[in-house]
Amino acid sequence: MQLLLIHSDYIEYETKKQTPVAEKIEESLKSGRLEEALTAFTAVESVDEANPEEAIEKAVSEIEKVAAQVKTNRIMLYPYAHLSSDLSSPKVAVQVLKGIEAALSGKYEVKRAPFGWYKAFTVSCKGHPLSELSRSIHPEGTAKAAVKPEAAGEKEEVVSEALKAEGTARSYWRILTPDGELHEVETFDLTPYPKLQQFVNYEISKSRAVERAPPHVELMRRLELADYEPGSDSGNMRYYPKGRLVKSLLENYVLDVATEFGAMEVETPLMYDMNHPTLKKYLDRFPARQYSIESDKRQMFLRFAACFGQFLMNHDMTISYKNLPLRMIEMTRYSFRKEQRGELVGLRRLRAFTMPDMHTLCEDMNQAVSQFKEQYDLCIDVLENVGIHIDDYEVAIRFTRDFYESNKELVVNMAKTVNKPVLVEMWDTRFFYFVLKFEFNFVDALAKASALSTVQIDVENAERYDISYVNADGKLERPIVLHCSPSGAIERCIYALLEKAAMETEEGKVPMLPVWLSPTQVRIVPISEKHLAFAEEVSKKLDCRVDIDDRDLSIGKKVREAGREWVPYVVVIGDKEMEEGTINVTVRAESEQNKPSKVQITPEELNARIRGEIAGKPYRKLPLAKYLSARPKFF
């Protein structure tokens, strides 16, 4: 079960139309309102069907705890399917909701909105630190266990030999410091490095199960970026116009950087023959679970990276040593991995994701090491420009012992470059196709880590795919292959930005996205209708994404809503601005919580400031109607 708990000034709803699964209700349930209440948006999930009574008991406990914290005795239970992509049957959902209502009714004033009805609702969130909380409730024994395919009525998932080997591979864990020393994890003092401590614990435990929703899940919805898609498989998302804009800007930026770096953009198929002899061998060397489908009596799998298509393309190419290093990139929309259901959450871990995947063919190991260094620096620069800095992630370096003994300087320089301790994983035996790889790992508010950028040195696949180049003597040779994702999955970049903002909010900072990624860069708020024409004039002087809040609301509410949307620049237009020709601008990046920073400048000065901030980055136009009164609500 998923709960979203909102401490509300008031919550009111009105039923509009019933769905095919709507419960029968009396007239009194067709509308409702509670003031000074805790609103519990609730999604009952399929896993709750095994023991509805346990789900009721745990939900009641969580709701009571929060009600005590916010000091309210009024509770509105509101069924909300959008909180989960794995819902229970309607019958069980109603049973659980009624059970929660009955259990709470003895101590609280409780109202329950009906299940299965389209409803108009308004909720006014109080906005204090405890006013927006989420809880994930799992029956005993399910939170940390993967769902077995046969139990879910699915085909047995395809699991590679490499993934099986990963579960049994013996790793030696060390901390590498910038001075080149390797330290035992158990004896190294991680106290000054709390995020590295969390990352080490996460990696060594290998527990990926989701126990509750991380903060970015609520943020991606409230900012109308993305949400779960109940009509698809778990781990497949929908992206609203604002989210599509952010996602496309990130995609375009990474492609621009890669092509400037010398990569050629290509496009390859989404599915491949599982029994193709070359591909089958590679499947068994890649640690991932695959989606499989049948087509024309052939068993196909959906790609989990661009390797397959690019390597098959490389096989058919005529390549000279003069062409090396040869780089190709594809923005894979989508790549697919059949991640275990219990590990899926928000944008952190998905089954369908967008991966920039670059491969570099190198003449020999010396050239591969040189390219590896360059691409390590490239990844740092890419994340820096996205808004994810060196201090925001932890570095993991993984290698075989033989490779390390021959390339210590390369490995140590990676720690020197970031100037902080890094986690090392070393193997005596090579289980995979690579001898060296690194990842930049973002550690979120729940101490869960997710890999972003990565580069790997691959010593197998040129042979496997029969990829060769003609050397200076006219003879065929095998290249060394680098795999690089300059940013990691695009969805994970959004996840990291949202999680970073959530953690900064807890530290008292004002959250925001980088200006170049903000769906609205400037919001103009006219005080009254007579100021609307001047607001339009100002908007035409701004060469950026600017919208106008023309709704019939108070100025205070308009400004607050702009703040909740993280708009970087908010311009209030009144008589003074019309008379003087300057504008009053709230600058979010310079503001503190409850202490906005304001400047009085001309529209031309504001435009120059924004153009400077977004210089060198991709640009797209406003994704929604310019006037807020013309916009629909997505969440």
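All positions are counted from 1 along the displayed chain.
The backbone N, Cα and C atoms fix where each Cβ goes, glycine too.
Annotated features in Swiss-Prot:
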type	residues	note
REGION	1-152	region 'Editing domain'
REGION	215-514	region 'Catalytic'
BINDING	Cys307, His359, His483	Zn(2+) binding site
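Projection of Swiss-Prot feature records onto the structure.
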residue : record              : DSSP class
Cys307  : Zn(2+) binding site : helix
His359  : Zn(2+) binding site : strand
His483  : Zn(2+) binding site : strand
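Remark: of the binding-site residues His359, His483, the most isolated position is His483 (fewest other Cβ atoms within 10 Å of its Cβ). What surrounds the Zn(2+) site, by Cβ distance within 8 Å of the Cβ centroid and not counting Cys307, His359, His483, is the set Ala305, Ala306, Gln310, Phe311, Asp357, Met358, Gln456, Asp458, Asn461, Val481, Leu482, Cys484 from the same chain. Averaged across the region 'Catalytic' (215-514), the predicted model reaches a pLDDT of 94.
The number of other CB atoms found within 10 A of the CB of Cys307 (Zn(2+) binding site), across every protein chain shown, is 23.
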